[in-house]
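Undergrad: From TrEMBL, for reference:
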TRANSMEM  37-57  transmembrane segment
BINDING   50, 106, 210, 214  Fe cation binding site
TRANSMEM  77-105  transmembrane segment
TRANSMEM  117-135  transmembrane segment
TRANSMEM  156-177  transmembrane segment
TRANSMEM  183-208  transmembrane segment
TRANSMEM  229-248  transmembrane segment
TRANSMEM  260-279  transmembrane segment
Ligand SMILES: CC1=C(/C=C/C(C)=C/C=C/C(C)=C/C=C/C=C(C)/C=C/C=C(C)/C=C/C2=C(C)CCCC2(C)C)C(C)(C)CCC1
Ligand SMILES: [Fe+2]
């Protein structure tokens, strides 16, 4: 682990402990429109830039290298995003379930030094622990995102809670052998996911761990001013598109904060699909190269 990664890991740990203390000692009101606006703003402005690097990651793996392939790459990226939005509108429950599974796969990369099975176990806490800690809050968010009244369980059976805790405890212990930093991070993410209100947890994880880690891993490609400005431009375009989604998505009688949540998560899901596919393609290409050179 490089020095800058170690510094980021420590900053994340300190922030996570501080947030846990706030979560344990006070009640955070997540119903208010202001809280939701702050969370949405943080996720968009601090989380989206990590995806805007996709343009240069694609350039590095030669997915585009001239005007024609540049246009082709954008067309494909936007097509996958548009298909995801359509799936969220037409098959909301299926799309949400797929989004959660793909997210676990994607977030597992935050702990790249660990074997895949431990990464996935760690990342599953990001989705499972909010459900255990705040079942009613999560059910309400799922209802807002899918815009359905689908009856969702608002209580989780005790044996399931116990099994999940043991799985994560086992993953943390096994991760310790490979990387104590990764083990502590997974334990803190799981604790935050359990203790904090679901949305506060997700925004904290996304802007404090996932996005900066990705930028630290790939950010050097946007180090020159021109590329940096392009990344800022792409972030703004993606932000405005998500805001537009909030306004234009067909809605039933939902409160403003529910519409914001729905647009935000459908926007994130739409960007998640091409973003995750690209990174998987990159890993596959890297593995192929490594095998070819052995
Ligand atoms: C390149 C490009 C671009 C840009 C892009 C971008 C900017 C991207 C981004 C991307 C991104 C930015 C991504 C993201 C991702 C995310 C995710 C993956 C998320 C997930 C989530 C989750 C999973 C959640 C869950 C939950 C719920 C829902 C409720 C509560 C509880 C919990 C937490 C569980 C554009 C379009 C301009 C153009 C073309 C090209
Ligand atoms: Fe990501």
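Backbone N, Cα and C atoms are what each Cβ position is placed from, and that goes for glycine too.
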Undergrad: Counting CB pairs under 8 Å, which listed stretch among 37-57, 156-177, 260-279 touches the transmembrane segment (229-248) the most?
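TA: Out of the listed stretches, 37-57 contacts the transmembrane segment (229-248) most.
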Undergrad: From 106, 210, 214, which binding-site residues have a C-beta atom under 6 Å away from some atom of ligand 1?
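TA: From 106, 210, 214, counting a Cβ under 6 Å from ligand 1 as near, the near ones are 106.
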Undergrad: Work out the three-state DSSP category of residue 214 (Fe cation binding site).
TA: helix
Undergrad: Using a Cβ cut-off under 8 Å, which residues of the same chain at least 6 positions beyond either end of the transmembrane segment (183-208) come close to it?
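TA: Here the qualifying positions are 9, 11-13, 15-17, 19-20, 23-24, 28, 30, 35-36, 39, 42-43, 46-47, 110-111, 122, 125-126, 128-130, 132-134, 137-138, 141, 168, 171-173, 175-176, 261.
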Undergrad: Restricting to the same chain and to residues at least six past its boundaries, which positions have a Cβ under 8 Å from a Cβ of the transmembrane segment (117-135)?
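TA: Tertiary neighbours of the transmembrane segment (117-135) are 100, 103-111, 153-156, 160-161, 164, 167-168, 170-172, 174-175, 178, 182, 186, 189-190, 193-198, 201-202, 205.
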Undergrad: Beyond the listed site residues 50, 106, 210, 214, identify every same-chain residue whose Cβ lies within 8 Å of the center of their Cβ atoms for the Fe cation site.
TA: 47, 51, 107, 109, 110, 206, 211, 213, 275
Undergrad: Please give me the CB contact count at 10 A for residue 214 (Fe cation binding site), counting all chains in the structure.
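TA: Other Cβ atoms found within 10 Å: 21.
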Undergrad: Which number gives the other C-beta atoms within 10 angstroms of the C-beta of residue 106 (Fe cation binding site), all protein chains shown included?
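TA: Counting Cβ neighbours of residue 106 (Fe cation binding site) within 10 Å gives 19.
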